[in-house]
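K.L.:
To start, I am sharing the structure in question, which I have written as structure tokens.
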Amino acid sequence: NIIDVPCRPCYYRDSSGNCVYDQLGCGA
């Protein structure tokens, strides 16, 4: 199994598996 490494704080993983900055989820 491939372990999915969590994205950095304030980032989320999109449907393509990329870590994308999450403006809404980061202490707005």
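Any Cβ shown, glycine's included, is placed from N, Cα and C.
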K.L.:
Regarding the disulphide bond with Cys26, report which of Cys10, Cys19 Swiss-Prot records as its partner.
P.N.:
Cys10
K.L.:
By a simple count of other Cβ atoms within 10 Å, which of Cys7, Cys19, Cys26, the disulfide-bonded residues in the record, is least packed?
P.N.:
Cys26
